[in-house]
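Presented below is the structure to which this report refers.
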Amino acid sequence: MVSRLVNTIRNVVGITGNVISLFLFLSPVPTFVRIWKKGSVEQYSPVPYLATLINCMVWVIYGLPMVHPNSTLVITINGAGTAIELIYLTLFLIFCHDKKKRLKVLLIALVEVVFMALVAALVLTLAHTTERRSMVVGIIAILFNIMMYASPLSVMKLVISTKSVEYMPFFLSLASFANGVAWTTYAFLPFDPFIAVPNGLGTLFSLAQLLLYATYYESTKRIIAARKETKMEVNLSEVVVSGNHDPKKTTRAN
């Protein structure tokens, strides 16, 4: 009776985690809408999308029936996440005008795909029980899951130095926090250290990002307002200069 109740709660939490994870994967959409409109990736970093891609791929392998049975909820959401991150990276490559940066991102993405294919092949051929396969892939999953949650740390450094959160998407940080909480809860029903450890740490990383956002939100508004004011002044000065140009005087001089 108790085990059935725990299993029901686990499924409910898992489905909730899937929904939150989907929001996490879709949270960069406003960022890419902005990139699309501006026609440039500006100072946005590709690191979170590269980290999320390899994280999703390793969890797809972990959720396979021959690796970790009864993990359908893990494999479905991470399969969707893999597809979504590939779309983001494709858009990033299209709107990145720095050839060296574009080539670097492309090479890293290809290395990730090849690496995960090798991991899957080696685990399925060399490890002959689901317990061993789960342990090997689980350890790898912990590393890449932590890397995904920690990937915005590079952006956090930029935030602190510029005192602006303009290039640290709020919805990505919020969705990461909610995702970490949901999957940490899921990992305790029953206890799964391979899910609990990275998502517990991920919750802390995401909380740090939200605190940073709250700290620099007001200063970001001031910086953006000052930039717009400067741009307006420049445009006004250009209008004045062009207005002072008298075509009649030019004609007389000729």
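Numbers here mean position along the shown chain, with the first residue as 1.
For all residues, glycine too, the Cβ spot is worked out from N, Cα and C.
All annotation found in TrEMBL is predicted automatically rather than curated by experts.
Note that the structure is a prediction, hence the values are computed from the model and not measured.
Quick look at what TrEMBL annotates:
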type     : residues : note
TRANSMEM : 12-35    : transmembrane segment
TRANSMEM : 47-67    : transmembrane segment
TRANSMEM : 73-95    : transmembrane segment
TRANSMEM : 107-129  : transmembrane segment
TRANSMEM : 135-155  : transmembrane segment
TRANSMEM : 195-217  : transmembrane segment
Would you call the transmembrane segment (12-35) and the transmembrane segment (107-129) in contact, using three or more Cβ pairs under 8 Å, pairs 6 or more apart in sequence?
no
Cβ contacts the transmembrane segment (47-67)/the transmembrane segment (195-217), at least three under 8 Å, sequence gap 6 or more:
no
Report, as numbers and ranges, which residues of the same chain sit near the transmembrane segment (195-217): CB under 8 Å and 6 or more residues beyond its ends.
74, 141-142, 145-146, 148-150, 152-153, 156, 159-160, 163-165, 168, 170, 173-174, 176-177, 179-181, 183-184, 186-188
Remote residues contacting the transmembrane segment (73-95) - C-beta distance under 8 A, at least 6 residues beyond either end:
11, 14-15, 17-18, 21-22, 25-26, 28, 32, 35-36, 39-41, 44, 46, 49-50, 52-53, 55-57, 59-60, 62-64, 102, 105-106, 109, 195
